[in-house]
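Structure record follows, encoded as structure tokens.
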Amino acid sequence: MRHFLSLNELTKDEILYLVDLACRLKSEVKRGFFFPYLKHKALGLIFTKASTRTRVSFEVGINQLGGYSLYLSKNDLQLGRGETIEDTAKVLSRYLDLIVIRTYAQSEVEEFAKYSSIPVINGLTDDYHPTQIIADFQTIFEEKGRLKDLKIAYIGDGNNVAATLLVGASKLGLDIAVATPKGYEIKKEVVDFAKDEAKRSGSNLIFTDNPKEAVKDADVVYTDTWVSMGQEEEKEKRIKDFEGYQVTQELMKLAKEDAIFLHCLPAYRGFEVTPEVIDGPQSKVFDEAENRLHAHKAIMVFVCLGRI
């Protein structure tokens, strides 16, 4: 039994294993095979943030693996009325077999895991989004046939997705260029962690405020919304601050000819990306979204059973 709270705790080999397992599980489904690796296992989903892809993919995923799910809104639990995280974790550990938490503070997920005797999976916090990045790496592997000798360019807000992508790339030895406006950089402690990983893996890390510099000769161009959940009051300011950071056809032309475009969704066309890019032939965003299902299954199997 283990938790899945961020990519920081995973080794390169474990990340590659999860990608491989996700591909295998996807192949099984495509061939009509559903193996009950988690037969009769109960998955609890505790969400305080809205969700489309994370919730649906985990619920469908545990079903495909032979288990079942319970959606537990924070307001439906005594947790929403002041019961401690410690007590909630200890009680739910007696009923469930694994838990996915989607909330604001990373500290809440870590505290829950501290007192839980069953695996806890981080379904998204303000700091990290590790389940998403496993699906991203799966998509890149499917498109490029490898997870080495590649350059990723991330354009936009240095948010939870950017931070996790940076950590993952630095562990795998992938080059990554991050272009953010001043004031929206990835947190220093995450950058420092990635730099240490890059020394071991050979990753080339570039941090700039120039999207054109970041995208030059990239194999993958990635962006995310400029206004994340909980930042709605900052919308007008953020739209102004991110002027020039939109992924356009012109920007994509600076990447390699066979570069792919990724976005974790939801996307806001006309803001962080133009319709021509996200709906164009280089876009793999819906393959990426589909892979959330199989990546999440791989993560659930991994935390419950280890390697299979």
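Placement of Cβ uses the backbone N, Cα and C atoms for every residue, glycine included.
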Would you identify which residue of Asn75, Asn122, Asn160, Asn291 Swiss-Prot lists as part of the L-ornithine site it also attributes to Asp224, Ser228, Met229? Asn160
Ser51, Thr52, Arg53, Thr54, Gln78, His129, Pro130, Thr131, Gln132, Cys264, Leu265, Arg292 bind carbamoyl phosphate in Swiss-Prot, but which of Arg31, Arg94, Arg102, Arg307 does that record place at the same site? Arg102
Return the member of Asn160, Asp224, Ser228, Met229 nearest to Thr131 (carbamoyl phosphate binding site) in space, with distance defined Cα to Cα and candidates limited to these binding-site residues. Asn160
So which binding-site residues out of Asn160, Asp224, Ser228, Met229 end up within 10 angstroms of Cys264 (carbamoyl phosphate binding site), measuring C-alpha to C-alpha? Asp224
Please determine which of the binding-site residues listed here (Thr131, Asn160, Ser228) has the lowest count of neighbouring CB atoms within 10 Å. Ser228
Give the residue from the binding-site residues Arg53, His129 that has the most other Cβ atoms within 10 Å of its Cβ, counting over every protein chain displayed. His129
What whole-number Å value do you get for the CA-CA distance of Gln78 (carbamoyl phosphate binding site) and Met229 (L-ornithine binding site)? 24
Cα distance (Å, whole number) from Ser228 (L-ornithine binding site) to His129 (carbamoyl phosphate binding site): 13
Greatest Cα separation in angstrom, residues Ser51, Thr52, Arg53, Thr54, Gln78, Arg102, His129, Pro130, Thr131, Gln132, Cys264, Leu265, Arg292 binding carbamoyl phosphate per the record, works out to 32
